[in-house]
Amino acid sequence: MAVPTIIRERTPQLIVLAVILALNAIISPGFFSIEIQNDRLYGSLIDVLNRGAPVTLLAIGMTLVIATKGIDLSVGAVMAIVGAVAASLITSGYSLPATLAGALFVGLACGIWNGALVALLDIQPIIATLILMVAGRGIAQLITEGVILTFNDKPELIFVGSGSFLSLPMPVIIWVVVAILAILVVRRSALGLLIEAIGVNRRASTLSGVNSRVILLAVYAVSGLCAATAGVIAAADIKGADANNAGLWLEMDAILAVVIGGTSLLGGRFSLVGSLMGAMIIQSLNTGILMAGFPPEFNLIIKAAIILIILIVQSPASQAAMANFRANRQTVAIKTESREHAAR
Amino acid sequence: MRTLNLLAATAFATALSVSSAFALTVGFSQIGSESGWRAAETSVTKLEAQKRGIDLKFADAQQKQENQIKAVRSFIAQGVDAILIAPVVATGWDAVLKEAKEANIPVILLDRTVDAPQDLYLTAVTSDTVFEGKVAGEWLVKEVGDKPCNIVELQGTTGSSPAINRKKGFDEAIAGKANLKIVRSQTGDFTRTKGKEVMESFIKAEGGGKNICALYAHNDDMAVGAIQAIKEAGLKPGKDILVVSIDAVPDIFQAFIAGEANATVELTPNMAGPAFDALDAYLKDKKEPAKWIQTESKLYTPADDPQKVYDEKKGLGY
């Protein structure tokens, strides 16, 4: 059978996504209906793509970091910092390109800070990035001076969060472009392989000539850039920078997206496509819960239960059991076949 | 000439010492500045003290109870006339409150109460969050009259006491009105982002928003987010969907000016005003105040000159 490798490898994620979307459609009819409103596509599926933008972007950077056996806990706080920077730049009269450049630069600087702690000082990633996770929200509050810094009169920045292009919301366009760029860069060059090599064994790859310091620094920088993009989108979406709440707990969703997508936290092999699907699975779940109209007390319980089921299905133990089952069936089939042959 | 100057100076000094003999010194232990409302409470407290000629000693606890207790002890050591505390948590105050009582310094609690015997503090000035919800509900009942009205509700953080109480008060107000019905209720975590996201799903789940007549949000921030979602769905907030919320932060008045919100109930940052009044009556006339002073939950609508209120509030550091 000529199933493309990418689909064959991601079958579990595809099945989970399909099941969750089907459940959503059963619970709230009209989930799949898409119409054109104000010249843009409008519907729950579009909401999933649109609302999933921040986690998707974070998951792209997070995948590369996790592939090097690292982790980046600071991405939510970086979103808050960058949102605050973008809001204060645009309100003090800078143009959109200057604002975006400034915001992305700050995100990049945050990423390089994390990368330097990990790659140059050899601090464990979970601790190194915890520093910025804790301090970041404070920095963001210093920038906004403790208020929600609004920019209701700056349509050019608001467009990034709630405008549309080719009938699709801007956040969707942005994450799709970033994802394609990331996949091309890591898979059309040796970079992906080198990242995996560091994740499997940093010492061995260094000894065989991989410049692991530069690559480590680079993946954290990319993660910072992705977080910056997500931060600008989140701020533009609500026309203001909310230092207290922007990106709050999203690092956890991003890590979850990567894990559901089939990348191991132990580093090594990674799949960006898998992480994107992981992010979409999480967002379909969130949107589905909101549409279903359960009492809010159940939100987190339902989410946790479904994610537990997904992880159990994907666990090595149940994968092995499934492989066994398939192999048995095949042997049975072969035996029957040969018996039929013999009978003739 | 020189004698005159000297005389004037002496008179001035005497006047000063007399006035400072009457002026009160009050210590204020604030939680921190975790929200715009908290910052506004701090600046209003300073303003109210200034208005009354009170010498206010301010201590920011940065969300830590141990800092608050330290601050209260230092106020006692300085021999202030009274202490205001906005307690960060409800428990663990007995010991330090006893110390203040032994030093004969009255303590007034602001904005939140504590789990301690009532004789350990003079009074508590807080808002009634159930009543806030009720005021919002009563406004809506009056506004829609006998027309059928499907309400969607954006709750605060699940399990938090303002979310529970604001829901309770609103439910009480619309109870018995058969034409008013809450069709969807979901948490928006008190934030703009979640308010917007949840409102998007409400609109899609309720026939593109055509079945929704009013939105009740437990705070203004969620309402501001929801207003954007309503606009992006091609509906007019404030007209197609009525918007009522609680807090009265400056940004909701901007929405009033744009005709996109209909009512908000104020959670006043002026807790110190009533506290100073009660303190004054207590110190001068030995009048024991009630153990709980409820602040006013004022209803604002676009008829209340939103531009003026916005300008006033914006200066308070929200």
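Cβ coordinates come from backbone N, Cα and C, glycine included.
Here is what TrEMBL records for this protein:
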TRANSMEM  A:12-32  transmembrane segment
TRANSMEM  A:52-68  transmembrane segment
TRANSMEM  A:75-94  transmembrane segment
TRANSMEM  A:100-121  transmembrane segment
TRANSMEM  A:128-152  transmembrane segment
TRANSMEM  A:172-194  transmembrane segment
TRANSMEM  A:214-236  transmembrane segment
TRANSMEM  A:248-266  transmembrane segment
TRANSMEM  A:273-294  transmembrane segment
TRANSMEM  A:300-317  transmembrane segment
The transmembrane segment (A:172-194) in contact with the transmembrane segment (A:214-236), cutoff 8 A, at least 3 CB pairs, sep 6+:
yes
What residues elsewhere in the chain lie close to the transmembrane segment (A:300-317), defined as a C-beta under 8 angstroms and at least 6 residues from its ends?
12, 16, 20, 256, 259-260, 262, 281-282, 285-286, 289, 294
So which residues does the transmembrane segment (A:248-266) touch in its own chain, when a touch means Cβ under 8 Å and the partner is 6 or more beyond its ends?
9-10, 12-13, 16, 54-56, 58-59, 61-63, 66-67, 69, 71-76, 79-80, 133, 199, 230, 273-279, 281-282, 307, 310-311, 314
Please report, as numbers and ranges, the same-chain residues at least 6 past the borders of the transmembrane segment (A:128-152) whose CB is under 8 Å from any CB of it.
71-74, 76-78, 80-81, 83-85, 87-88, 90-91, 110, 113-114, 117-118, 121, 158, 239-244, 246, 251
Please report, as numbers and ranges, the same-chain residues at least 6 past the borders of the transmembrane segment (A:214-236) whose CB is under 8 Å from any CB of it.
53-55, 57-58, 60-62, 64-65, 67-68, 70, 72, 74-76, 78-84, 86-87, 100, 103-104, 106-112, 114-116, 118-120, 157-162, 170-171, 174, 178, 182, 191, 194-195, 198, 242, 246-247, 250
Please determine whether the transmembrane segment (A:52-68) and the transmembrane segment (A:12-32) are in contact (criterion: at least three Cβ-Cβ distances under 8 Å, sequence separation 6 or more).
no
Chain residues outside the transmembrane segment (A:273-294) and at least six past its termini with a C-beta under 8 angstroms from it:
6, 9-10, 13-14, 16-17, 20-21, 23-24, 27-28, 31, 44, 47-49, 51-52, 55-56, 59-60, 62-63, 179, 183, 253-254, 256-263, 302-303, 306-307, 310
